[in-house]
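Trainee: Mind looking over this structure? Questions follow.
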Amino acid sequence: MTMYGGHIHLIIGPMFAGKSTELIRLVRRYQIAKHKCLVVKYEKDIRYGNGVCTHDNMSITAVCTPSLDKIDSVAENAEVIGIDEGQFFPNIATFCERMANAGKVLIVAALDGTFQRKPFSNISELIPLAENVTKLNAVCMYCYKNGSFSKRLGDKMEIEVIGGSDKYKSVCRKCYFF
């Protein structure tokens with residue numbers, strides 16, 4: 001691939017919106033088309049073992065890393081790079097831009113905001129670099145309308161708390177404040 005063949009597809013939304021499911025679906029299409037694919041996940045996310053796994057147990061093999069800088073040599077051999085939980089990689093924008101300019105297809109799944117509805121600055125930096133941005137919604141777990149936000153259960157205030165339905169609920173605007 002040349003630098004003109006590379007592009008970035010960013011999939012954003014709250015918890016339980018299907019971001020990882022969409023990432024897996026898109027990567028599998030490239031695998032069927034015989035492209036060399038690499039899937040990357042954040043090392044501290046140990047909820048489902050070494051692969052990227054959805055909340056309904058769909059999975060795909062992945063390389064675990066604490067930093068995208070550590071996978072450069074592996075990424076060089078891939079044509080398509082899928083990155084799950086992109087919000088946890090501080091340098092995701094520079095990594096994706098560099099790889100896309102080298103002709104690679106990047107598919108990134110990430111939260112668009114924290115449980116406090118504040119943006120992840122690294123994802124905000126990636127948006128203007130992406131050719132395609134897909135914003136997914138979940139279902140509000142209280143009123144069953146569209147859920148656009150992630151609400152944390154409990155009183156932990158740090159930003160990086162990895163968990164599933166035991167720690168977070170997807171909520172609509174109204175239910176966010178309950």
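Glycine residues also receive a Cβ, built from the backbone N, Cα and C atoms like all the rest.
Here's the feature list from Swiss-Prot:
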- Glu85: active site, proton acceptor (ACT_SITE)
- Gly13, Pro14, Met15, Phe16, Ala17, Gly18, Lys19, Ser20: ATP binding site (BINDING)
- Phe115, Ile159, Glu160, Val161, Ile162, Gly163: substrate binding site (BINDING)
- Cys140, Cys143, Cys172, Cys175: Zn(2+) binding site (BINDING)
Trainee: For the ATP site given as Gly13, Pro14, Met15, Phe16, Ala17, Gly18, Lys19, Ser20, which other residues of the same chain have their Cβ within 8 Å of the site's Cβ centre?
Mentor: Leu111, Leu136, Ala138, Ser170
Trainee: Using the Cβ centroid of Cys140, Cys143, Cys172, Cys175 as the reference point for the Zn(2+) site, which residues of the same chain not in that list have Cβ within 8 Å?
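Mentor: So the extra residues in range turn out to be Met141, Tyr142, Tyr144, Lys145, Gly147, Val171, Arg173, Lys174, Tyr176.
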Trainee: Please report how many Å separate the Cα atom of Gly18 (ATP binding site) from that of Cys172 (Zn(2+) binding site), as a whole number.
Mentor: 16
Trainee: Looking at the binding-site residues listed here (Phe115, Cys143, Cys172, Cys175), whose Cα lies nearest to that of Met15 (ATP binding site)?
Mentor: Phe115
Trainee: Roughly how many angstrom lie between the C-alpha atoms of Cys172 (Zn(2+) binding site) and Pro14 (ATP binding site)?
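Mentor: Their Cα atoms are separated by 10 Å.
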Trainee: Counting every protein chain present, what is the number of Cβ atoms, excluding its own, within 10 Å of the Cβ of the residue listed as 'active site, proton acceptor'?
Mentor: 20
Trainee: Compare the Cα of Phe16 (ATP binding site) against each of the recorded positions Glu85, Phe115, Cys140, Cys143, Cys175 and report the nearest.
Mentor: Cys140
